[in-house]
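Undergrad: Input: one structure, supplied below.
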Amino acid sequence: MEGGVSVDKREFTEFWRTAWRTPYIMKLAFAAGIGGLLFGYDTGVISGALLYLKEDFEDVERKTWLQETIVSMAVAGAIVGAAVGGWMNDRFGRKPSILMADVVFFIGAIVMAVAPTPLVLIIGRVFVGLGVGMASMTAPLYISEASPARIRGALVSMNGLLITGGQFLSYLINLAFTNAPGTWRWMLGVAGVPALVQFIFMVWLPESPRWLYRQNRKEEAKAILGKIYPDSELDAELQALEESIETEKADDMATGENIFARVKNACSNKIVRAGLYAGITVQVAQQFVGINTVMYYSPTIVQFAGFASNKTALALSLITSGLNAIGSIISMAFVDRYGRRRLMIVSMLGIIICLVALSTIFFVASANAPGISHYESTHFGHNSTCSSFLTAADAPKWNCMTCLSSESECGFCASSANQYGPGACLAKNDEVRGLCKSEHRTWYINGCPSKVGFFAVILLGAYIVSYSPGMGTVPWIVNSEIYPLRYRGIGGGIAAVFNWCSNLLVSETFLTLTEALGSAGTFLLFAGFSLLGLIGIFFLVPETKGLPFEEVEKMLERGYKPKLLCGKGGNKEDKLNDF
């Protein structure tokens with residue numbers, strides 16, 4: 001850690017050197033990381049499937065709350081899954097928790113694929129959410145406990161890479177099935193494949209060595225650690241691990257093993273409490289920057305920007321998803337070089353700038369939306385015209401945005417001569433949509449034609465680039481490192497529950513917010529939340545880069561005080577606390 005730039009260069013290459021010398025580590029990390037793939041695929045696939053669900057189920061198209069429920073019920077399931085997963089991790093081990101997550105996820109994928117009604121689909125989404133919630137906090141925990149401290153961040157980032165890879169894969173699958181019979185059924189059903197693959201892989205892989213040691217299965221743990229650490233480091237690792245566990249067992253004797261007693265004791269423990277402040281802060285901030293509105297509703301947001309075609313929206317969303325995956329690779333390269341805290345702070349600054357710029361773009365697009373022509377609106381017949389437009393006293397002042405936000409169910413049919421010129425405000429139903437398209441016009445129900453819409457897509461890409469390397473992966477790394485071993489499952493579970501609760505709140509209200517505040521106001525609101533998150537990270541989250549778990553505990557016990565600039569001199573621990 002000392003010596004400046006030369007150390008950073010060694011850290012930058014250490015991951016690749018270790019992976020080449022010890023491929024067993026990569027095997028463990030990749031197999032567990034498929035849990036991230038499940039998370040990412042489910043996040044991305046529903047955004048495309050939702051476009052086609054609205055075509056198959058009239059209630060889904062007409063009811064915003066039903067769309068939000070279909071999306072967010074997986075998140076509700078994940079809240080329970082994360083809570084149960086935290087308990088299972090400590091009680092039964094990391095490996096059984098991952099296997100159970102795979103089984104539950106697979107069942108949910110099959111239920112979604114055959115769902116005859118939106119209600120059955122929602123039930124399938126809950127099952128999928130249970131699996132995702134369990135996997136989301138177990139996979140990084142398993143990876144971190146099977147990783148040498150010097151490359152732990154990069155390996156846990158692999159889980160983040162597979163999350164974004166799963167999102168990218170989901171958009172490819174969505175595009176592949178756009179013309180297939182049963183479009184959304186294939187999109188959702190394919191989700192069961194990675195769960196099955198991970199189940200097969202994990203059957204042949206060992207339990208976490210740290211958990212085994214905790215259960216007095218020391219020879220098994222030593223055998224696994226011998227495959228991870230070189231002989232020169234193995235004895236020191238075992239000694240540090242034994243000292244930590246002996247301290248925790250003494251604590252167990254005083255408090256008992258009852259789950260409620262352990263939660264109570266965890267919250268009263270100074271070290272765990274400091275870890276929870278940091279872990280919960282980064283997990284909540286990760287969601288309130290609005291990322292999962294972009295992931296769950298990415299094609300819809302692209303349509304807000306003026307791209308009406310489902311295929312076009314999916315294709316442009318694929319670009320943002322690809323950038324997300326690239327950002328995860330960047331995180332793997334730099335998280336052990338520049339540190340967790342610094343990467344998150346820089347990421348949050350970029351997110352805030354992009355959200356404010358997006359808000360500005362959507363405001364400009366709304367202010368310059370095409371007007372409504374009375375002639376165009378009655379062109380298809382009096383019964384086809386939007387009823388609110390016909391009875392509005394200020395109808396001459398209406399534009400496309402007024403039409404789409406009216407109390408009646410209305411859509412905008414662009415002018416055949418100039419899509420940016422005055423068009424028709426029509427009743428939103430399949431018959432009228434068919435009449436509009438029969439004259440080779442574009443039909444809009446989510447957004448309006450806009451000359452600045454392409455800039456919104458560029459800014460979405462910039463937002464993803466800012467988010468992915470920092471806030472996309474680092475919160476999970478922090479939560480896999482910040483708690484003492486005895487409380488790692490409970491601490492990670494509590495933080496994951498906060499993550500999923502925040503996710504649920506954001507995903508369940510996004511479409512409602514856009515109806516109430518408009519796209520511009522909604523993105524500006526997320527910018528405000530992001531600013532609060534940045535302040536919380538600065539004051540509550542310490543740096544854990546390169547520290548063994550035991551050193552992290554000692555740092556939290558001493559207490560953490562943020563410093564804006566790196567000071568000169570001081571010991572190693574003080575330097576790690578610097579910005």
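Just so it is clear, glycine is given a Cβ too, placed from its N, Cα and C backbone atoms.
Pulled from TrEMBL, these are the listed features:
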{"type": "DOMAIN", "residues": "28-545", "note": "domain 'Major facilitator superfamily (MFS) profile'"}
{"type": "TRANSMEM", "residues": "28-53", "note": "transmembrane segment"}
{"type": "TRANSMEM", "residues": "65-87", "note": "transmembrane segment"}
{"type": "TRANSMEM", "residues": "99-116", "note": "transmembrane segment"}
{"type": "TRANSMEM", "residues": "122-143", "note": "transmembrane segment"}
{"type": "TRANSMEM", "residues": "155-177", "note": "transmembrane segment"}
{"type": "TRANSMEM", "residues": "183-205", "note": "transmembrane segment"}
{"type": "TRANSMEM", "residues": "274-294", "note": "transmembrane segment"}
{"type": "TRANSMEM", "residues": "314-335", "note": "transmembrane segment"}
{"type": "TRANSMEM", "residues": "342-365", "note": "transmembrane segment"}
{"type": "TRANSMEM", "residues": "452-478", "note": "transmembrane segment"}
{"type": "TRANSMEM", "residues": "490-511", "note": "transmembrane segment"}
{"type": "TRANSMEM", "residues": "523-541", "note": "transmembrane segment"}
Undergrad: Checking distant contacts: for the transmembrane segment (490-511), what same-chain residues at least six beyond its ends satisfy Cβ-Cβ under 8 A?
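TA: 64, 67-69, 71-72, 75-76, 78-79, 81-83, 85-87, 89-90, 133, 136-137, 140-141, 262-263, 266, 272, 275-276, 279-280, 283-284, 286-288, 290, 292-293, 296-297, 300, 475, 479-480, 482-483, 522.
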Undergrad: Need one number: mean pLDDT over the domain 'Major facilitator superfamily (MFS) profile' (28-545).
TA: 82
Undergrad: List, by number or range, the same-chain residues at least 6 past the transmembrane segment (99-116) whose CB is under 8 A from its CB atoms?
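TA: Cβ under 8 Å, 6 or more out: 35, 38, 77, 81, 85, 88, 123-132, 134-135, 138, 185-186, 188-192, 195-196, 198-199, 202-203.
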